[in-house]
Amino acid sequence: PGLMLGAMYGLYVLVICYIKPAYGPPVPAEERAETSTGQLLVMLAKYVLPPMALILGVLGALFTGVATATEASAIGVGIAFLLFMIFGDRKLKTCFNTLIEAGKTTTMVMLVLVGATAFTGVFSRGGGMTVISDLVLAMPGGTVGALILMLFLVFLLGMFLDWTGIVLLSFPIMLPIVQQLGIDVLWFVVMVAVVLQTSFLTPPFGYALFYLKGVAPKGIEILDLYKAVIPFVALIALACVLMAFFPVLVTGLPAV
């Protein structure tokens, strides 16, 4: 699904830039002449290969079975520190600030986990699970209707909550329903992960939009970005439809 989404994004950009060249103008010939092939290779080695090494190191350890998820995280930290020593400024202050930010993020996630666990426990003991389950199962359309409702709720939550909170709050409620409906849990989780991609793109809390606004040229307003992401949200919806009609897109690789 990730490769499919990437291909869909790339194809859309190619087509729209072909139709409207002003959307993706080429680099001026004068600027291209200033950069030699050797300089491009150096830039590639410096800015592209290190992140790829980090990604391949973590995923490689997971897929080969060399490490568990926690151990792979530690491997990622080790590779990141090595890259920092090679390509970074190697200042103790930078390393200290990174540790502080990592601690803040970890604390935030753990607090969300504690809150979500408490909420789920109270919700379940109060009979909320049964109410939600009966409501979803009573949806017109049977399994398809229930699935559409759950994914639509995830989409709505993505407009206002961080994906971590959505997962911790919704999964304890949705997974029993999914199992009761006989839906493949792996397929459903991947579908939710794809729908959650919209949480980075949809206002009012589209994190990717605010990151992009920070590096966008002057004159690009946040409203322009809101309009520009509509086709990409539509592509995510199309990807969900394709995965619904062709589940092998999700389950094929894990089954190998």
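Positions of Cβ are set from backbone N, Cα and C atoms, glycine also.
Here's what TrEMBL has on this protein:
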- 2-248: domain 'TRAP C4-dicarboxylate transport system permease DctM subunit' (DOMAIN)
- 6-23: transmembrane segment (TRANSMEM)
- 44-63: transmembrane segment (TRANSMEM)
- 69-87: transmembrane segment (TRANSMEM)
- 108-126: transmembrane segment (TRANSMEM)
- 146-173: transmembrane segment (TRANSMEM)
- 185-209: transmembrane segment (TRANSMEM)
- 229-250: transmembrane segment (TRANSMEM)
Against the transmembrane segment (185-209), which of these stretches has the most C-beta pairs under 8 Å: 6-23, 108-126, 146-173?
146-173
For the transmembrane segment (229-250), which partner among 6-23, 44-63, 69-87, 108-126 gives the most CB pairs under 8 Å?
6-23
Are there residues at least 6 beyond the ends of the transmembrane segment (44-63) whose Cβ is under 8 Å from a Cβ of it, and what are they?
69, 71-73, 75-76, 79-80, 83, 86-87
